[in-house]
């Protein structure tokens, strides 16, 4: 399954989220109808069947998995690989999975406030504008470690672009830039960020039930 490149608010409406997928889009929406031509109501009654409970449980797990995938902008195969990697690590599989995704370079650039969304941060990385420990890294899935130093290349145009975004006022129709989490340090004047430690669970950039995702992949990954 390829990476999603379609309408982003459509995904937010699909999940009926009161808070948007912050990594995917900054835009707000008050439209609570399902996306599509006929705008199906969410509370429409459906006939109960013997398998309705089983289907409902599967649907809940699937939705949590899709929320995670869309927020971080990863493919299905990438997510499966992260789940397998998390299982090999000691501790909670769900929490380790979230930490692996949070420590991706594109997400770190986003959480430092240098880009409005994770896709925008991924562009900065892929185009070679991000430096890790004084070495240019153009792989968005690069796994950052504690004490890594993240900076921007000496390209004046890019540095000006990032500085203007950081210092700009947020329009009313967009969400404000999120607070920089406790495990990161960022100097706005030098555009220099440092990773102090692995991200704590309470600073994960998405409200999600990771246990449901682990259960979803219990027989697949």
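Residue 1 is the first one shown; counting continues down the chain.
Glycine is no exception: its Cβ is also placed from the backbone N, Cα and C atoms.
The following features are taken from Swiss-Prot:
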type	residues	note
COMPBIAS	37-53	compositional bias 'Basic residues'
DOMAIN	103-161	domain 'S4 RNA-binding'
REGION	26-53	region 'Disordered'
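Predicted-model confidence for the domain 'S4 RNA-binding' (103-161) is 95, expressed as mean pLDDT. Each residue of the domain 'S4 RNA-binding' (103-161) gets a DSSP state, and the totals for helix, strand and coil are 22 helix, 11 strand, 26 coil.
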